[in-house]
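Participant: Mind looking over this structure? Questions follow.
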Amino acid sequence: MPFSNSSELSPSFILASIPGLEAAQSWMAILLCSAYVLAVTGNCAVLAVVRAEPSLHAPMYFFLCMLAAIDLALATATVPRILSFYWFGSREISFAACLLQMFLIHTLSAIESTVLLAMAVDRYVAICHPLRHAAILTNAATAKVGLLAMARGVLFFLPLPLLLLPLPFCGSRVLSHSFCLHQDVMNLACANTTPSVVYGLTAILLVMGLDAVLICLSYILILKAVLRLAAWRERLKVFSTCIAHICVVLAFYVPLIGLSVVHRFGKDLAPLVHIIMGNMYILVPAVLNPIIYGVRTKQIQ
């Protein structure tokens with residue numbers, strides 16, 4: 001039924017289900033819950049290990065702790081609500097709760113992107129300017145980077161829910177995912193959404209897009225420095241210190257790009273594709289990051 005966010009009744013949205021597979025959602029919930037438990041366990045283990053081991057009190061591992069905390073927050077902001085839908089059939093989410101969840105998802109993703117850029121700079125300084133590494137990336141500087149990442153995420157993505165707040169919504173209330181994303185909610189508005197479209201695209205390009213370009217630039221400079229080394233064994237040894245970070249960057253950006261492509265070009269795709277890509281965007285980094293660093297980092301092992 002048509003509704004507006006100015007109506008007496010609190011407007012709400014309907015989380016997406018998979019047509020024809022509603023009976024199998026309880027089994028999907030078990031898989032989702034298992035992935036969530038794995039993500040919580042792995043990231044809490046990383047936080048506990050770094051906290052307990054004084055030799056890991058260094059910028060690289062503090063950045064890793066930031067990633068773990070962000071992944072925990074992002075998964076907790078979405079997965080419990082999805083599980084309540086899959087297990088108990090609670091498909092309806094209020095307008096306020098949807099905007100809050102949307103803000104948390106986009107803001108935490110922006111913070112994670114900034115931390116990944118900071119980790120790339122850390123690797124660049126460690127390899128290309130090793131004698132200055134300790135002086136440049138101190139613990140105080142690392143804390144400032146964390147605060148800057150939080151401020152950047154909040155400032156860039158707080159306007160997204162504020163731009164949606166005055167819009168009227170009518171017609172379909174069904175979302176494309178089992179959680180709230182800006183573009184998904186915006187498409188349900190029955191008003192001019194140009195300001196939201198322009199600002200959303202600008203924020204994505206200035207945060208995730210710019211970070212991706214700078215990360216690539218950092219690795220181009222790292223590669224140039226590595227290739228100056230005479231022996232192949234030395235080259236592999238130096239570059240191997242970056243493998244874990246490269247895998248983490250791919251675990252973050254590949255689902256993000258995949259979800260963006262599905263939103264932009266996948267209107268005719270099956271609903272299952274949208275739901276799977278959305279869940280991968282939320283859970284893949286949270287599950288893989290502690291595994292990648294646990295396997296690749298002897299100090300954490």
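Positions of Cβ are set from backbone N, Cα and C atoms, glycine also.
According to TrEMBL, the protein has these features:
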- 42-293: domain 'G-protein coupled receptors family 1 profile' (DOMAIN)
- 27-49: transmembrane segment (TRANSMEM)
- 61-87: transmembrane segment (TRANSMEM)
- 93-121: transmembrane segment (TRANSMEM)
- 133-158: transmembrane segment (TRANSMEM)
- 197-222: transmembrane segment (TRANSMEM)
- 243-266: transmembrane segment (TRANSMEM)
- 272-295: transmembrane segment (TRANSMEM)
Participant: With Cβ distances under 8 Å as the criterion, find the stretch in 27-49, 93-121, 133-158, 272-295 that has the most pairs with the transmembrane segment (61-87).
Facilitator: 27-49
Participant: For the transmembrane segment (27-49), which recorded stretch in the set 93-121, 197-222, 243-266, 272-295 gives the largest number of Cβ pairs separated by under 8 Å?
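Facilitator: Checked against 93-121, 197-222, 243-266, 272-295; highest Cβ contact count belongs to 272-295.
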Participant: Checking distant contacts: for the transmembrane segment (93-121), what same-chain residues at least six beyond its ends satisfy Cβ-Cβ under 8 A?
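Facilitator: Distal contacts: 5, 10-15, 60, 63-64, 66-67, 70-71, 73-74, 77-78, 81, 142, 145-146, 148-150, 152-154, 156-158, 160-161, 164-165, 179-182, 185, 203, 207-208, 211-212, 214-215, 218-219, 245, 248-249, 252, 256, 282, 285.
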